[in-house]
Every structure is written in structure tokens, then in C-alpha cells.
Amino acid sequence: MKFAVIQFPGSNCDLDMLHAIRDSLGEEAEYVWHAETSLAGFDAVLLPGGFSYGDYLRTGAIAKFSSIMPEVLRFAEMGKPVLGVCNGFQILTEIGLLPGALIRNNNLHFICKTVPLRVANASTMFTGLYKEGEIIQVPVAHGEGNYYCDDETLLKLKDNNQIVFTYDSVNPNGSRADIAGIVNERGNVLGMMPHPERAVEEIIGGTDGLRLFESVVKAWKEEQVNA
């Protein structure tokens, strides 16, 4: 399986993402510069964290207009896996692949620590190797991770089982309904504020994030067999 790691000016988690895929997961991964216009040959797209375009205007707002974005939209429409982490999640909401928005943390401070997450939906292509209700430990590092949506959207997310991860015990940023990660209705686009790529090795704190990537590979292989 081959992963595309999209790089924007200001990305700073692209190295971690590539390392997680190549070295911990053992799959192929390549950087794709934001000015490219093709994702041919790739099986999954990863939008990493960082501060794309310096977060000017608002987080993800300028990345929305990158040349690669029409191809990311087409990729998602084809049902292929797209994962946006932190700034990547913010970009996914800006381009309309996911509902809602990420706003300033309610304490107005940058947060960088490992937090407990509850797996709210273990039936997606990203969470197939987790158990429903399982508590995992994944780092967060953001200043604008406070997920917001209106009441109608929140009800829809709950009804469609689109809430994949929630903060457990303590909500670090004020996100509505403790939301840490959501998928689109089709289930092939996941946006999450915590960084699974930083939780892939025991030596740096644990491997709870690795199963997310392993789940994607498992789902992809099953799809190839059934194709």
C-alpha cells in the first residue's frame, strides 16, 4: 500500500507521518508537494499537522486553495482513505470534506500533552483493529483544536455514527461533545486533532496510534481481495 504525505509551506509533522508509515508500519510513503496536481499511484492520502501557510487568515484557510486540493477531493470522492491530523483536520473542514470547524482552545493556550481517547466507533476503515469503547493514549499539540458545529450538525454526526474518537475524562480544548475525531458519512475521510503518528513506538510513549494505520492497511487489503 502506498501513502501520499501532502506537504504545505509550514507543515512540521510530515516527517513524523512518513516515519510512522515507512519505519513503523512498513508500507510505502512519499511526500507530495502542495503544488502538485496528481495523486496517481497512491492508495491513501495523509494531511499532516503543522501550520500550513503560517495559519494566516485562519487555520487551513489558505491551504484550501493549493493546487493539490482538487485531486484530494477527487480522491475522497472515489472512496479512498484520506486522513487529516491536527492542521490536516482543519484543512478537511475548510475544503468541505468534513463538517464543522476548529477554533481556538477554550483556555486560549497551546496544548502539548498525551491525552486519553475513547474509541467511539470501531467499525470504520481507520478503527477496525480497536475495540468499541477502548481507551487509548495519543498526544495532542494544538492551539486551535476546539471542535465546533451547530446543533443540527452535531445531531447528524451522532445519528450517523460519525464521531470516531472522543476525549475521555478531561476535554483539553473545549470541543463540543468531547469530539476528537470524526469521519464523513461514507467513512473514508477521517479528521482528528490527536497525533496517531506520534504514538507508534514504545520508546516514545506507546503504540496506540499504530493500530489506526494498521486498520487502514487491513481494510485496503480486504478491498483488494474482494475487488
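Using N, Cα and C of the backbone, Cβ positions are placed for all residues, glycine too.
Taken from Swiss-Prot, the feature domain 'Glutamine amidotransferase type-1' covers 2-226, and the record attributes it to sequence analysis. Residues annotated as active site, nucleophile in Swiss-Prot, with sequence analysis given as evidence: Cys86. The active site annotation in Swiss-Prot covers His195, Glu197.
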Worksheet item: the domain 'Glutamine amidotransferase type-1' (2-226): mean pLDDT?
Response: 95
Discussion item. Around the C-beta of His195 (active site), how many further C-beta atoms are within 10 angstroms, looking at every protein chain?
Written reply: 23
